[in-house]
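Annotation source TrEMBL lists ATP binding site at Gly275, Gly276, Pro277, Gly278, Thr279, Gly280, Lys281, Thr282. Annotation source TrEMBL lists compositional bias 'Pro residues' at 122-141. The domain 'UvrD-like helicase ATP-binding' feature in TrEMBL is assigned to 254-565. Taken from TrEMBL, the feature region 'Disordered' applies to 120-141.
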Amino acid sequence: MTKTGCVTLRLLDKADKEILRLPRTVKGALFDFQHKFKDNPRTPGLKLKQLKGDSRIWSARINDEYRALLLRLAEDDWLIVSVKHRKEVYDRLSYGINHVTGGIEYVDLQVVEDSILRRIPPQEPSPTAPAAPAEAPPPSAQPLFTAWSDAQLSELGVAEPLVPVIRTLTTEEQLLGLIEYAPQLTSEVLLALHDGKPFDEVRDEVTAPVAAPEPVDTEDFRTAAERPATVVTTSDDALREALEAGDFGRWKVFLHPAQSKLVERRYSGPARVGGGPGTGKTIVALHRVRHLVSQLPPGHTKPVLLTTYNKNLAADLRSRLLELGGEQLLARVEVSHVDQLALRVVREAEPGSRKHTIDDSQAVREWRAMLDELDESGWDAEFLHDEWTQVILGQAVGTRTDYFRARRAGRGKNVGRSERAAIWQLTERFTQRLDRLGRQTWDQVAERAARLEIGREQRIRAIERQREESGGLDNIHLQDGSGGWLHYRYRHIVVDEAQDLRPAHWKMLRAMTARDADDLFLVGDTHQRIYKNQVTLGSLGINIRGRSAKLSLSYRTTRQILRSALEVLGEETYDDLDGSSETLAGYRSVLSGGTPGLHPCSDWQSEREAIAAHILAWDAHSDERITHEQIAICVPTNHMARELGSTLGEHGVRALEIGADGARGEPGIHIGTMFRFKGLEYQRMIIAGVSDGLIPREQVNQLRQTDPARYRREAQRARSLLFVAATRARDSLDVFWHGTPSPFLRRLLS
Ligand SMILES: Nc1ncnc2c1ncn2[C@@H]1O[C@H](COP(=O)(O)OP(=O)(O)OP(=O)(O)O)[C@@H](O)[C@H]1O
């Protein structure tokens, strides 16, 4: 909402979509227009006039050619609903307040009907496949929505003025033509019904989350404009952003009603937002940070922590936060990845320590070296490392006796008392060995940081108790190590990619903020867990019960890609970070595109050649050439990444391996193992080497007989990795394999 004097001017998100398609000069004129309008809507040059009839809609002049259509919400409160060429007729406009969501909806019926007529089937022929004959709509096709009555559509929140035209739709292409201009809820409901979702599920999963909590007065436009369901710009900067940033900047300005509810709500304790890939969890986390900062009293400290799993993701969060709120916002927020944060805590406590921190694969190599030296062939290095990190460090098991009693839920293979004694001895040797070598693992750092922070929290609480007992006297202080007064490190903590944090990370974060309203806000999706850190937050002191919500509309990927990705997940069950299970029910998209390509090859050499040919065909056929940085290829191993890179090089295609620090901004197609693509997105995605024995790895397949529980866990992780890779794609997905396809493709291929 932008105000000058007493005039309020807002911009409806649907109008913004129209504006994106306008010539640059008109966008500039629109920016000038809104300033003049806010100064004085009656300025003669604006030619403000009411459209004929009793309509609330007015038109105003932007330039010689273009007019803004505005809905008058109250005396001096205006909403831009459309920007049109002056020759386009205005007599089939429809607007109103949706009786379910309470949001303002606007539809130009003429534009909707033209879009349906114009709609060309979106199928893009695969460049390596022979061209398919053009698909003509069947001559006597049945209308699509006969199974639902008008009353049922209305109950789901479909815009009533559109019902007659909905009744005429007979093909999916026509439906896509309609949803391009239909109000958001109408689009989502129709696609869900069309995709075969039962009425009750659509009502519960699509409509209910955006329904207004109170009865809706469909005449009260002022109130309607303030509801999250009316998606409008909220500030002057936002309007400029919407005009300048185009499609890429929309996330900064227009939140989905389901997203904005989560951003603005006051939570009485820790809260968690789940949801499938691309549903805007990170966007919600960023807006949440901005919201929390806006509630802070003025100051120069950083009372808000925004954290995530690794360095790349933290760098990405920082730059997006900067885009969202500039230096001013960043000045109040600490953005750190969680391991870095833990290391800082440990270094603060042990300033002289020079220990080198090693990752899991280096640690497993160290285990192997130790077992070789001890000539211990009865134990597997990976098993011991997992046992040490997940059971011993994960549960803060401090003594041998405690280890005998420790729960090993989900660890598979039973280990008896004598085996536990042997494991305990080996882990002791291992930690001594690391100490001697001046090394520590990230798990050790996290565990140490958690202990230090818990200790600090206990001291803070003790002071608080003393203060209370002394009648609130404020002269009881304790100094922290660095000479400052002891206090909680942060007022609010926001965590992205929460599914992959270690138990010790959670303990550390819990102790870093007081148990208060809006203390912790976590976003994450357990279907995308690609590391081994399964947790039950409740047991770590983070109680999210009753404060858990889920996003379900994907903004990233098409319905076709989403459907294939869900086939990869199959029937597996996933947890909700708190000991119960979670599903992706309701996960959907209103974007449409081609069906993912499936490409069998005879061997790895011919697979590499086929991938090169596929990319060269894109370069040759695409109407609009896609820059190679918008294409990514995921492979199972680093070795395969190198081999594929060199094959592409032989064909003149530059490929860039992305490492732990991400891509370095040089031009070229990004290649990397699946781990590297977490949190990223690309226009076109190729997944290579999706063969049996590679995904999951042969070593995992072998566990099927020897340790079924561990097999299930490892296989699920491999499945999640493939799911993450598939859902990085915005427009197209191609899956290649050689020999026998991965078992995870079974449902896709049947
Ligand atoms: N309200 C919105 N308007 C426009 N674009 C949006 C909106 N919300 C999210 N997006 C876009 O959708 C894409 C996915 O968003 P985001 O990365 O936040 O999803 P996510 O749920 O965190 O995904 P993942 O779980 O795969 O990491 C991004 O390109 C983002 O800009």
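Yeah, the Cβs are placed from backbone N, Cα and C, and that goes for glycine too.
In TrEMBL, annotation is done automatically, which means it is predicted and not curated.
Here the structure is a predicted model, which means the values were calculated and not measured.
Known features from TrEMBL, placed on the structure.
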residue : record           : Cβ within 10 Å
Gly275  : ATP binding site : 26
Gly276  : ATP binding site : 29
Pro277  : ATP binding site : 24
Gly278  : ATP binding site : 26
Thr279  : ATP binding site : 28
Gly280  : ATP binding site : 23
Lys281  : ATP binding site : 25
Thr282  : ATP binding site : 20
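Apart from Gly275, Gly276, Pro277, Gly278, Thr279, Gly280, Lys281, Thr282, the residues listed for ATP, the same chain places the Cβ atoms of Asp525, Leu551, Ser554, Tyr555, Arg556 within 8 Å of the centroid of those Cβ atoms. Secondary structure from DSSP puts Lys281 (ATP binding site) in a helix.
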